[in-house]
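The structure appears below as structure tokens.
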Amino acid sequence: MARRYSVRRQRGFTSIALLCFALLYLPIATMVVFAFNAGTTVGALEGVSLRWFATAWNNDRVIEATIRSLTVAPIAALVATVAATMAALATTRTASYRGLAFKVAFINQPLMVPEIVTAVALLVVFSRIKVWTGYTGIGYLIAAHIAFCIPFAFLPIRARLETMDLSLERAAADLYATPWMVFRRVTFPLLWPAILAGFMLAFVVSLDDVVITEFIKSAGQETLPTYMLGQLRRTVTPEMNAISTMFLALSIAVVTLFFFLSRKKD
Amino acid sequence: MANAAEIATAAARADVRNRWWLAAPALAIVLLAAIGPLVVVVLYSFMVKGDYGDVKYWQFSLDGWFSVIFERDVFDDTLKLADAHLTILWRSVKLSVITTLVTLLLGFPVAYFIATCDRRWRDFWLFMITLPFWTNLLIRTFAIQEVFRNEGVLNSALLWLGAIKRPLQIMFTDLGILLGMAYVYLPLMVLPLYASLERFDFRFAEAAADLYASNFKVLRRIIIPMVRPGIIAGSILVFIPSLGAYVTPRLLGGGRSLMLGNLIELQFGQGRNWPLGSALSITLTGGVMLALLVYVRAASKSGSGHHG
């Protein structure tokens, strides 16, 4: 059957688009395939095996970095989400006032400054504080992660609050519900998909961060991404592919959940 | 009446209280762990460099800013332009602009394809472009690095096909950084373009086609001008992280091809020149702010263009 004429058709666009999708996924697919390589290089496939996953699993430094990543990310995401939810309420459930736009821009600031600049800024300040207080623990990492996670949680939550129908909250307030009760019984149940979405974005952003963590970590405080960055300087074995593949699987799981959660409600 | 007025004032007062108390934690965290340190960097850029890194406190000098552009000759103390810095600054701007253009040229057809494809498939393709957007940049850079290496997939395939005799040197070149950045930032271009194209009303295109415009002319004269906000938003979303890129040039450019982000790191590491590093950081931030300003002006202009 001849293709029907359509004003929507642009010559070559479909081919370019499909080519782009192929180019986007081929490197990732290659990386995953070589994770199962039985050989020791990332150049030639010599049969299928799980040996590199076993190597990664038995590598104490990998496990330690993974545990650190999975400690920092949930704490940072949780604190950032709570602070962002409160801030989103404060900037939507209020009469408009001077400085409101400034406040919103202030909270979104970590998005506007290049990561490398935030990283050196924190390096400068934290290295001073480390000398003054003698404390070199994981608190610095968590504090920094909370700060740059806040805008990622703030944006979806605030967007949802802005588009939500106010009549239910007003009705509850008219029936003598205290502000806290209005939030707990009316606003929160309507808002929680956005809160969950914000939390997951913050979680992924914290988990993926490499630049800021690389600059402010104390000795021996590798997270999984900084560990990988350090290893990538050397000759890589398929162990890196195995680690990356597992990391990728975790990210995909969180993103998929986020995608369907945010799709259904809108 | 008085009672109602009292209630209204009390409510207004509670509102003012809430808007500060509720926002306080977020504001405090951002102030302490993002904006405050940035102010410190501004101060550091005006101080004298310490002997082993850090700075000499409260000794002010313009040396940091000075050495962004100039350097003193080691032997005769004459001034000359700091070629190394200028080369890196120029490379950062050049590669960011080209990356933006490449992603725009490739991203537009992708966004157009998603926006005009069958509804049942749209979510699928949208998901396929969102997925790389939210997966780890380091992992995606690693994946593309394995493709580009001399003994990597691309070179092995080309050698096997007999298309080349020796491996192509892509790693550690400007081209390698460029291709890598285009690869990792493409989704950032596609998503805002898609948002604009999805809202495009194809009745405009049909009207033009009825008046004998070719499909290409419809694209050039109707669609592209009307989705301009998406084009601007996508370009800015790609240009800004490209300008401040650190991971991609570090992995694909190695020590040979530095970008601004790597030059900044160098000053805080082996270079031990924190004032210079601070001045470079502020320069980079200034460049990003400039790009954002251009964006806001361009966006408001094209917005008003629609109404009037």
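Including glycine, each Cβ sits where the backbone N, Cα and C put it.
Automated prediction, rather than curation, is the source of TrEMBL annotations.
Quantities reported herein were computed from a predicted structural model and do not represent experimental measurements.
Checking the ranges B:204-225, B:226-247 against TrEMBL, the transmembrane segment annotation falls on B:226-247.
Between the transmembrane segment (B:276-296) and the transmembrane segment (B:95-115), fewer than three CB pairs separated by 6 or more residues in sequence fall under 8 Å, so the two stretches do not touch. The stretch from B:95-115, B:168-194, B:226-247 that makes the most Cβ contacts under 8 Å with the transmembrane segment (B:124-148) is B:168-194.
For the transmembrane segment (B:226-247), same-chain residues at least 6 beyond its ends with a Cβ under 8 Å from one of its own Cβ atoms are 92-93, 95-97, 99-100, 103-104, 107-108, 111, 137-138, 141, 177, 181, 185, 188-197, 200, 204, 259-262, 265, 284, 287-288, 291-292, 294-295, 298-299, 302-303.
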